[in-house]
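Colleague: Just passing along the structure, written as structure tokens.
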């Protein structure tokens, strides 16, 4: 009776929740029993991927860290300055579906290594551009975006392949901690190098060296292929025997599908659709904050008389250093809080993940609105509320990715991540820095140029972020209505 039960093709939904579970079978001729505890090599591979993710996001935020210097050097308006990040994100998001397609079908180690080598080389080259060739600087940021797309699309799927559900959530949380840590270090590196050398170009010459080390570690430690945890493998591991399960009429080998079929299937997955729109709202807000907050703080301080207007060659970078530190601290804390809250609340509520994301988005929007309102009178309170706004945004990073990984069947995960990158950046941070800059320009044009009006123009244009954050919370609430059904469908 025990053996018959172990070989049943159907399993209770509880046993299948959030990933593979392994049934114990004592008497089987051929047993497929993957180890439940990852090897040390798996953790080393994950460490290399986390290190590369750190460099990835440091490169993203070098430009915002020295934005005032770059704006002066190339004589850019607010609109043109915002376009710098827009070019980067546009190229990043357009390249992501291509690398998603390649990541589901070809050697992911080669894709990762080539991407890191390419974006590191372009970053180094951009440090030698003179002020008369500002268009080459714009082009270089676009090329860096293409290189980073190859990494961001493929790396999470390797971690998903290496670890089972419980470990997977933990490792993804660690991986995504390096988004805010890398972002913050990008500000710190850029501001620090500009401060030490007196030349902002040196900020672009450190991460290429770190990228070269990442490529070497990738070659030495990451295998050419990692085992894909397909739905068929999960069913076989639970049933306990490949041979018997293959003979069962209800178990079939996973059929290959075209890219268009994958996209159509994902479009019908409402948990994926609504959570991707929620992530889009997050990207819109984080893109605008990441680009403009140091400059906004500088203008607020000038209005308050805390600092003098920057007229010399190298501007004070203290705001970038402080904001970078805030980004690192709130990012680490936020991701840990999000992962732990999800782990605990899943036990009592199957809709915990989207509800956590919705709540954090609403609180973040409120904090950002307060930060903008108090900026003219109290700069310390502004820093505090910006910190809380970033903290609650960071709560969602690992949780959103985990939602995707259990509502999408494994053979479509790279494509799903690529599409999520495309949508979230197309409607999110590809346009938000440019939009904020354009609105600021339009407001400034209505009055004579002054430091006070320059501050107000940025303040008024920034308020849109608070409203977008509220919409993001609504999208995650909609996700909660579909997530249980879509998770069961992915398990089937």
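In case you wondered, yes, glycine gets a Cβ from its N, Cα and C as well.
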Colleague: For which of the residue intervals 110-129, 230-249 does TrEMBL record transmembrane segment?
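Modeller: Of the candidate stretches, TrEMBL labels 110-129 as transmembrane segment.
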Colleague: Given pairs 6 or more apart, does the transmembrane segment (272-293) have at least three Cβ pairs under 8 Å with the transmembrane segment (135-159)?
Modeller: no
Colleague: Near the transmembrane segment (354-374), which residues from the same chain, at least 6 beyond its ends, have a CB less than 8 A from one of its CBs?
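Modeller: Tertiary neighbours of the transmembrane segment (354-374) are 271, 274-275, 278, 281-282, 285, 289, 338, 341-342, 345, 381-382, 384-386, 388-393, 395-396, 399-400, 403, 459, 462-463, 465-470, 472-474, 476-477, 479-480, 483.
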Colleague: What residues in the same chain, six or more past the boundaries of the transmembrane segment (171-190), come closer than 8 Å to it by Cβ-Cβ distance?
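Modeller: Distal contacts: 46, 49-51, 53-66, 155-156, 159-160, 162-163, 200, 203, 206-207, 290, 294, 317, 320-321, 323-332, 334-336, 338-339, 390, 394, 397-398, 401-402, 405.
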Colleague: So which of 43-63, 135-159, 460-483 is most in touch with the transmembrane segment (202-222), counting Cβ pairs under 8 Å?
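Modeller: Going through each listed stretch, the top one turns out to be 43-63.
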